[in-house]
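Report on the following structure.
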Amino acid sequence: MANLFDSIPSWANTIRPDAAFLDSSPWLDSTLFPRAESQSPVDKAKEASGIGIVNFLSAISTAVTLFTIQLLLFVLLRNKLARIYKPRTYLVPERERTEPPPRNILALIRVIFNYDDREVIKKCGLDAYFFLRYLKTLLVIFVPICAIVLPILIPINYIDGKGHDVDPKSVNNATRNSTPSGLDTLAWNNVNPAHTSRYTAHLVMAILVVCWVCTVFFFELRVYIKVRQDHLTSAEHRLRASATTVLVNSIPKKWLSEEALMGLFDVFPGGVRNIWLNRDLTTLLDKISIRRSVHSRLESAETDLIKAAKKAQLKQKAAEEKKWRKQQKLKALTKEEIAARNAAQDEEANRMANSGEGIYAGADGNVSLRDNYESNGLRVKTSHDVHELDTVEEEDGQEQPGGFMMTSVKNPLSKVGKGVPALLPRRTDDVLPSRLSTESPEAPRSHSRATSGVSENSTGPIKKTVHATAAGNTVREVGEDDDMYMPGRTRFWQFWKPPTGSYASPVPQGPRVEDQPSRKRSMWQKLKALVPFTGKKHEPLNEYPPACNPDRKADQDDGAEWQKYLKAKHRPTHRLPLFGINWMPGLPLINKKVDTIYWCRQELARLNLEIEQDQKHPERFPLMRSAFIRFNHQAAAHMACQSVVHHIPRQMAPRMNEISPRDVVWDNMALTWWQEWLRTAIVILIISGMVFLWALPVAWTAALSQLDKIITQGTWLGQLLKSDLAITVLKAISGVLPAAILAGLLAIVPGILRLLAQFMGAKTGAQKSESLNEFIGNLTKLQSVGAVLDLLANNLPASANYFFSYMALQALATSSGTLFQLSALVMWFIIAPLFDSTARSKWSRNISLAQIQWGSFFPVYTNFACIGLVYCVIAPLISVFAIVTFSLLWLAQRYAMLYVNRFEVDTGGVLYPRAINQTFTGIYFMELCMAGLFFIVQDTHKNRTCTPHGIVMIIVFLLTVGYQIILNLSFSPLFRYLPVTFEDEAVLRDEAFQRAQDARFAQSDQDRQYDDEAATDTGLGEYDYGPSAETKDIGLDKNELHAPRQGHHLREHVKQVGAWAKDSGNQIRKIKAKTDNSKALQYRRKQRRRDLEAQRAMGDALYGGYHDEIEDLTPEERDMLTRHAFLHYALRVRRPVVWIPRDDLGISDDEIRRTRDYSEYIWMSNEGTALDSKMRVVYGQNPPDFSEDDIINL
């Protein structure tokens, strides 16, 4: 029994943050990978048989102690470390934030219990809600079982049974004789052979359990469909592009055009709104990946250079000060004076970071509507932003003078922040219009932070240019009637052809799709492309203009600021990768050592230029046979997914809807259907090989567990290691090392399976999660059903106690580990200080909250459910452990999902029906186990008296299988798609929602007008705040007119934003409390208020001024934003900014100037960053390349 039910997947807990303390008895240990220990789970189960109550409590005492320690630490730390224990209250966009939890632990439990389910769906998504509902469903199942089955079966098993010793002194009493003892006296085995008629009660209870579970699952699927339909038809969801967009794969070549697809799919109600044809942008994606690596390396190298120069300057300054003090016969600075000096430096650093001061250059490829000022090619940023004097470069290379861009706050587009306005073409008064038509392929394409240079014709709303039928469907024009029939006559022997006079195959609308030049390849090139690792796809060579200034060399650094403090040998260097492959390391004496900054500047400029040029000309890349089609109505999208679209099998299929643009796996968009099939076969072979080959390293770890015996008995080292100390060390090594190695081996398996799921061709992250879940579900069925009856009949009764302790250990360790967040603590206080050195790395770690991989998360808990269902009749006591397990897990996971974890991508709850279907496995095994046990029951005369009971259980098993089949046939069409009956009601909700939005926008405009009038009355204009008194001279011209950055007023009260993670925001603002005679209670209340204000200030500093809800936009703004929603990621990726810290030595300013002089294709900035007294980078805002597109959910 233990062998089989260890195989139910529970290994996924090894990838979770709280997995450090989990029991190492996962499915991989027994079925897929043999155990490293000398004892198998069956042996452990047999040893656990007959265990008494006292011994059982002693066995789980370690888990209880660990649970108590972790829970106490959580209670003590959760109010002090807000970044660890409640980051969702302030470190996420406004729409995802939850209210801060109460400080009192009892009040916290009450809040968790009473938190509204609709709010859980709104804040966390359907996946989180249905996972929590799954745990609650298991409680609904086991609580009645515990209340009914347990009081009936335990007396029947114990009274007048084989054994009565509930608490024997011997732990393994049952292994020496056949008399049950300990907890076994409450289970199936203890029924006396003289009373075999009592097994009828077990049969009745088993049937009742099956009926109850099937009933619960029926209603759960009904609720799942209702909740999902309510969510999909809500007005907020229907506004998103994902609600009306369908991904169509395997499109035939002649249908691969916008006109053809529009003419085909406009048969559905409402017609087509947008069409995005996917192109094979593999080469462009490769360039973007390389650029990401080069950009990160340059950012790190520039930061290291600035920090090294500052350290050298401080060292030089300290030596000079020491010498001066010695000459003046002064004492050295005291610790208090040093601390005061460092505090002043920290205060100045945080002022610089929070004020947004700094300069930047090279952002021409990422234009926004923020008002900036350009002087000598550099933008000067002070605490109040200044206007930008732009130059616009036309196609022929000439520059035209630009004008000032004034943006009124009354403009509704100004509410959208940086994202939507960037989609609009820039408008200046002095820029000459292009001489080319905007509809011409040669027309220049504007770029912004949020969009690429793809022509608007390919992404805008489709305009019907052909005549339509009465129903709105467009049809092609037919020149002659003969075109409607197939030409020629069908001969008698041409059996593969239809008879003469058949209608011709459907012909798409629009011009014929011709072969693209990049697709014309010889037969040898086509065969070579099929062989792995034989070269990239044949693509035409493109000529690019020079990316760097020809008059300036990369290493031309005469008179640089860093040379005042460092020598050239102190600059960061690295070796080029082996064979030019980026992921290969550079080897000494083989690969060339280069200056990191000079080399990265050259490579980054080249890559930025090539990527932006390729983005302007997507026609250079071949079309792939897939497209995103956006309809005007949600019902049309669901109809398109369920209809038979094409007349040839496997064409224009599969079709997927409800796809989030963030969730698209763009790397797999270039795969054809036969490549997906080939990859699927490869994945199956790899997993099959893992089953057998992984046994080798695991067997090696098993040998390590006997290391002390091997060394002392079989080798010459035994003569040298005869001391007690050496033997003790060997035993410690042999006990710890195998478990550590095995844990490492098992920890990488989930990642491998996840990579295989993506390699298989998953188009979305949700599809990847489903594939991963399917892998696990199929692997649990590796053992043959034929061996189940015999194996379970022999081992099942003896292994119940083992699973008692197993579930108790898992419940205590997993729940407390989820609350304690050990992994997050290690990452923040150990890993982050060691490896996060740049402003971007610190910012990224700060805003990156824990994510849940749903594909490997659900099976952990279906494992517990299956164990509980199998033993609920055989050993009824397991119901108590199941209730404790799921109650603790529900509380812990509910807290984590409300206050800790973030859910950026949601599958729509599609894994919930899978989890329910996987839970049926526990019912099936329970029925088979019961049947096997009934068949081997013998009375005192060795007669098998329960054979009819076994036959009944087999019949119940078959009925359960039929019930599940009928259940899925009835409900499965509604698992993903909406019925037509919801459309009218959804339209009414849309209209009501739009009226409410119009009223809200009108009120907002009135409030804004009132604020503007009040500002005018007080003498303050909309943008005229006067010149900043704290503006430092950085050697550049400054404009006298200042304008605040959008959302700047939300950050004015942020005193310090540096080390974001600690002390509930106390590191954000180190406010010294006044020493007065206030009471402790008043002080705690003030401290609480300060903490909340600091957390809100941090959230406003990161997300203030950005809209994160698409419903907050007007219809025009929404249309402008969603117009590019499913444009390929490679065509809309923005030029990244090299974000370096600003220093008082002017080194970063000088580096930006020199980078600008070297190339205009590198965006570098030191806005919102600084160095503190300990040479640590601090930041006070998002990176300059952060956009609203990064947080708004389309």
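In case you wondered, yes, glycine gets a Cβ from its N, Cα and C as well.
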TrEMBL annotation of region 'Disordered' - which of the ranges 506-531, 1000-1025, 1052-1077 it falls on: 1000-1025
Taken over the domain 'CSC1/OSCA1-like cytosolic' (244-324), the model's mean pLDDT: 92
Leading stretch by Cβ pairs under 8 Å, where the reference is the domain 'CSC1/OSCA1-like cytosolic' (244-324) and the options are 562-668, 781-934, 1107-1185: 562-668
Helix, strand and coil totals (DSSP H, G, I; E, B; other) for the domain '10TM putative phosphate transporter extracellular tail' (1107-1185): 27 helix, 12 strand, 40 coil
Recorded stretch that, among 53-77, 138-159, 860-891, 911-937, 949-971, has the most CB pairs under 8 Å to the transmembrane segment (819-839): 53-77
The transmembrane segment (199-219) vs the transmembrane segment (949-971): 3 or more CB pairs under 8 Å: yes
